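Below is one structure, written out as structure tokens, with a few remarks after it.
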Amino acid sequence: MKPFQGITFCPTAINNEILAKKISKKIIKLGGIFSKDLTRQVNVLVVGSTTNTNKFKFAVKHRFDIIFIDIQAIDDIYQLWLSGENILPDSNTATMTGSTYEMLKILYRRFSFKYLHNFNIFIGRITDTNITSIDSLVRSIKKLGCSSYNYQNFVIKDTSSHNDDDDQGQNGQISIFVTDTLLGARVNAAIEQNIPIVHFKWILDCQKRSALLPYDPYYLLPNIKDLPYDSIGSNSCDCWDKINTTFPTNIDAQSSLQRQQSSSTLTPSLPKTSSLLNKFKPKGEKIWDKAMSLQQHSKTNFSVLGQSPLSINNKQEDLSDNSTLIFKNCAFIIHHIFPGNHRSILTKIVVQNGGKIETSYLSGIYDHSYYIIPSNKALDSFNDLPEIIDDNDGIVTEFFIERCLYYQKLLHPIDLWSKPFLSTIEFQVSSSSKLLHHEFSSSPFLNVTITGFSGVELLHLTKVLNLLKPMGINYVEYLNKSTDILLINLAALPSIPKTHPLWSNEFSDLFTQFCINNNNDDPGDNNRKDFQNNSILRNSMKRKIEYIKKFHSIPVVTPAFIFKLLSAASGENNEIFLNNIKWCIICPRGHKDDFKCKIKKPYYTSISSEKKYQNNDPKIDKTILLKRNNSSLSEHSMKDTKNELLQKIRETDSGRKKRSVSSSIMDVSSERQMPDTKRIKLESLPKNFVPKQIKRTTSWGTIMSENVPTEQPTAISNPEEIPRTEEVSHTQVTYGSIQDKKRTASLEKPMRRQTRNQTKELDS
């Protein structure tokens, strides 16, 4: 049975159509009915951005049987349902009163709308102390969601005028002055600032009605100063006599809801408890709630040691109920890199469960000693971690504390969930192009979806995947055509025998504890059987597997692939194949390289660790550095290696200096000296030597002439006939002297030179 079965929801002040569609889809998936109109069948009114709507005002005045919740409540319940939490009421209680009625009670007690969240309330003088007091009013407005209040000094945070509650539509704070007298300097100052003076009975009536009543005109002190106390605000609601102070449903409505469930099959869920509210939180929160035992109210959140504060709500569940202490005779060293509030939380958890907090690692004194570091910090960022040799001790993350609290026992030996998994963050995952679905998603990241997980494993796996997004692995909540890999819980597949290679490898402890607790035959132990008792999780996993087999063929692997990838990021082997039998359950057909994921490191991390010693000279002998990195050296050999390395560097530096000096000398000498080749001595020409005339084939004046001779004489007919002395002695082409040209011109017939103008006439 779904949690909202038989409950009708109606929205108000949700102007965003996209948001309204999302809310309606979630309500329908949870088994509820979504109605845009406020009809008689409506049980819950979902309030959006403001309470200044006709639906809200009508429901407050006339509908005593309606529960008011906000949008966030729908989102929180939907996330709980997806994660496999038991949000249905207890089976024994539901049998007597009806499951729908009990679900409405949970909505009323846990998720009622905090309608004073945008109010700035100043509490002045209270003359009638027999009815209430300032401390009592402060407690009341805090329960109603008001966080901005003052009863000592009159400080105006919102100087704008507030004549009525219509200003709620502006999403601004509403300032009011609560008192029962019009006398006093503070009251006069509030009147000058146009701040409404409201009788304190308005707060008490809002708490009784479980809704925001209009203070204008029913509670404005100038209007009702002469009225008796019982008559104040009597007209603000028409159903005072029908309101139940514990739950807004009368006997007739309760009977009607019971009849709706008469033919329904109720699902056993939570064990009987005096508080249904505390059972409505995710496992991660309930672990810390039990441990901390604080009285603090907060919204549902999956974070345990994350960014948001812890949500603690009930004092009745405490670790005093446990007969044994989880961390008895265990010592913990909390690294100083943890934030102060996280350190205090871890310290209190460890001490309350029998553990000891030490400042340094002590081996052999306690049964177990653990050094705790943050899960989101890489190991290569630490330089002060101790060297732990004892098998009973180890370096763990805060995941270890959470897992021990979740399973209510000390988990030994330490599994892969609890060990530091992030060795470095300086790497990128490059996947095969055939593995990525670029036609549906342009992202170069590897899109990963999970199924079959619940409880603390679900919490930790999502945290691990979110940490890997900068490295190229993108966690997506839903399975679709853009998904590249499906991570599945091996312990949720009972058809795979324990002798299979999926179980007989170094990653098997990822699923051992989950398998032990969900396969426990004890019928009374239902607290950890989230997957076994939740048909929604099992059906969801089956549907995802069927979808992959029929419509979207992608690899289905266990989280061992992720942990292998993380371990390979610090090693030399930088290629991981998805079709490995250690983690692959379903794999499409294809070549081995089609399922390859390559780990790429930056240059300064991909080269060996000897980079810190090298001086970028390629002639340095690196064998010493490689030996030092690849072998464990004694103290004596390390000194020898150091001296040998320094000697090599000195020799290289001196050799480089000699080469640089010699090269500079050669450069200077080469500039000053002439080439070493002998100059050829030019022979003097005889006095009566007359050079031959060289006839040019054409010139600028004869280029466009038609009388240019077609047969062009060759200046040199045979190169071999030129004397050697003439070839050597001349350095440029000689065209003859002026006298030779005159003598030649007198012997030949003069040729008339064609000009450009004559050429144009010929063309015409």
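Quick reminder: no glycine exception, Cβ is built from N, Cα and C everywhere.
Quick look at what Swiss-Prot lists:
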type	residues	note
DOMAIN	1-99	domain 'BRCT 1'
DOMAIN	129-220	domain 'BRCT 2'
DOMAIN	322-418	domain 'BRCT 3'
REGION	651-675	region 'Disordered'
REGION	710-764	region 'Disordered'
COMPBIAS	739-751	compositional bias 'Basic and acidic residues'
**Message:** Give the mean pLDDT for the domain 'BRCT 1' (1-99) on the 0 to 100 scale.
**Reply:** 86
**Message:** As a quick check of your reading of DSSP, tell me how many residues in the domain 'BRCT 2' (129-220) are helical, how many are strand and how many are coil.
**Reply:** 33 helix, 13 strand, 46 coil
**Prompt:** When the domain 'BRCT 3' (322-418) is classified with DSSP, how many of its residues are helical, how many are strand and how many are coil?
**Reply:** 26 helix, 17 strand, 54 coil
